[in-house]
Ligand SMILES: Nc1nc2c(c(=O)[nH]1)N[C@@H](CN(C=O)c1ccc(C(=O)N[C@@H](CCC(=O)O)C(=O)O)cc1)CN2
């Protein structure tokens, strides 16, 4: 069996085209959404991700507001940049690119973001609304990668209602919140969250209909721990230098041999990453439409 591809790049392109129509309608009313980004330091991967977000904005007519700080920026420098983005009327919503440099109080920074401008959906208020199930996708942006994963699965009609979903990894951008989205009544999946403290990962994954590999551990999900025919989503964004070209490349959490046993696999790159970016754009456009009335 060779798994079929959950083509995130193709689905993201469809979503961007849909959003472009909405941005044009806003422009006809004199409204131009703006995405802000705050990039601290010179991590090549973070720089590449932020550049991709702004390329997307340019493609569909969203304005870009960029804040960049050096790696030695202080907590106060970063807090001042967050406040500038909170106060900027051209900025509809923004993200603070993670991770921030060691020694910075990331949670304090995220809490300083105006929840109304939280394009990442990672502010405690918006995550709390998800917990309380009082979030409205228009007033409360959903966390981009979890929302992107579910959108990708639903666009390929992967059965989620009643499905056993195993999440590998408990990070802030995916593991901690995706279960909240998957267990909503609209989706009704059953979720197991595994992590570095899990004693026997295979005991859980071998029963999973869907595996979401978001541990940031290259190749952590291998064919021998996957139920034949399961659906596997690769969220990993680890990078290594290619032995031949010497260039930095993504090494996902899903081992290549999983394609021999799974029914569907998301490629990496080309799967969840573009979906993350598309959901970010959707959060910005949704906020702009709400503000425009
Ligand atoms: N503030 C945030 N920081 C980070 C998030 C996040 O959701 N919010 N998630 C990850 C990285 N990430 C978002 O910024 C991200 C990862 C990958 C991609 C992407 O488009 N990947 C492409 C390949 C791009 C490349 O090779 O440079 C793909 O998979 O095809 C976008 C965003 C951590 N930080």
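Just so you know, glycine gets a Cβ as well, placed from its N, Cα and C.
Fair warning: this is a prediction, and the values are worked out from it, not measured in the lab.
Record features (TrEMBL):
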type	residues	note
DOMAIN	6-120	domain 'Tetrahydrofolate dehydrogenase/cyclohydrolase catalytic'
DOMAIN	143-290	domain 'Tetrahydrofolate dehydrogenase/cyclohydrolase NAD(P)-binding'
BINDING	169, 170, 171, 237	NADP(+) binding site
* Just checking: which of the binding-site residues 169, 170, 171 have a C-beta under 6 Å from ligand 1? -> none
* To do: Give the residue counts of the domain 'Tetrahydrofolate dehydrogenase/cyclohydrolase NAD(P)-binding' (143-290) per reduced DSSP state, in the order helix, strand, coil.
  => 52 helix, 30 strand, 66 coil
* residue 171 (NADP(+) binding site), number of other Cβ atoms within 10 Å -> 15
* To do: List, in sequence order, the residues of the same chain other than 169, 170, 171, 237 whose Cβ lies within 8 Å of the centroid of the Cβ atoms of the recorded NADP(+) site.
  => 172, 173, 174, 175, 214, 215, 216, 235
* Using only the residues recorded as binding NADP(+) (169, 170, 171, 237), report the maximum Cα-Cα distance in Å, whole number please. => 14
* When DSSP states are grouped into helix, strand and coil, how many residues of the domain 'Tetrahydrofolate dehydrogenase/cyclohydrolase catalytic' (6-120) land in each? -> 61 helix, 19 strand, 35 coil
* To do: Take the Cβ of residue 237 (NADP(+) binding site) and count every other Cβ within 10 Å, whichever protein chain it belongs to.
  => 20
